[in-house]
């Protein structure tokens, strides 16, 4: 009786799952429904001539993307191998593409196909998915889901346009990654012409490209879109300062501060902030003009000693206000003085040599902070507050202070809204673009497999009469494409874990 009860409970559970279109398996939850079928059919029958042109353009794009993705992955593989074999590899952000995550995502078309997600890395930008902060997870998973839904809408609408029966639409969660799929009648799909098949198979990557392009346009036009509520071009607005940031403190930066200058580098937006910090990091430390009388008045005797990295220190380690400065005169080019940093800097102009300080015949010297290698003294202007004097690596300041180029016109407006829109658009561009690139690769179980097969049927049927021979050519190409993608995934993961 216990066994019968268990079987009855199992049958009831399976009936319940079937009733609601649910499917549960290890690491995978799937839901399919016919609720949206009417909407899909409405889209697929809307303006037939326009849809024919739309998906024909998508077909051309998909074919070009298939060849382009192979070239891109080939270049990326060579670049990665070069980095591995070179003693002094290039910086990570110099790479144009890196495959960092491979996630099997089920259900592009019927039958079920796996996907690979890659992330496009751009210079001076954190790559989504690598060291992803918890605060960014919502953007990441939302962008994945939306990119997947738009991808599947493309397949579904194109299939209805080509008179292929549409069985249903669904979403799934594989481990923690969301995605979407459409269920098409396979027999109908096999009966239509290769060109019609191409329009269906290419529709997914085409819609991902359009989504990425639309996100880019929103990002590009955001200042104009938000102009009635936010203005730009006046500085970088501080939106967050990490608790462990060197800029956190009574003389540091606060949320709502508007940064206008880093040293003598003007800051009109976040891009200027990043650019100025990059220049400060790459160039040598600037000096400050101090008159001989002021130098004699402010300096006091101190013991000079060398640090482990070869730089010179002449102030007490316990001092929080004084910094060791180096300068030269006509007799000696290695003089050092321990000076109060704020008094030296606030009324001074920046300089590189003593020549920059010659003015009104007043003897002056260009005094330069004598700091550890890679460490910089940076003067941050954020009026009307007193200037912040930052001592440390410029990149620490960049990573621990969040800013926005958008300044609210009214106090009740959120300073975070433009940043949220910008961030979400960047994730959509990255993930939707990645989905388009990788799905176009002629690889087993990706859209590229079916794009390639239909392309060969449409172009080689007159040259290679035997279907079996055409299938052999397609198989060899798919084998090479799969190996290329697998090599990129493996080396990409190795590069990420080895960093």
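Even glycines carry a Cβ here, placed using N, Cα and C.
Features as listed in TrEMBL:
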type     : residues : note
DOMAIN   : 139-479  : domain 'Peptidase M50'
TRANSMEM : 51-78    : transmembrane segment
TRANSMEM : 99-120   : transmembrane segment
TRANSMEM : 140-160  : transmembrane segment
TRANSMEM : 169-189  : transmembrane segment
TRANSMEM : 209-231  : transmembrane segment
TRANSMEM : 427-452  : transmembrane segment
TRANSMEM : 472-496  : transmembrane segment
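Contacts between the transmembrane segment (51-78) and the transmembrane segment (169-189): absent, as fewer than 3 C-beta pairs lie under 8 angstroms at sequence separation of six or more. Using the rule of three or more Cβ pairs under 8 Å, pairs at least 6 apart in sequence, the transmembrane segment (140-160) is in contact with the transmembrane segment (427-452).
On the 0 to 100 pLDDT scale, the model's mean across the domain 'Peptidase M50' (139-479) is 91.
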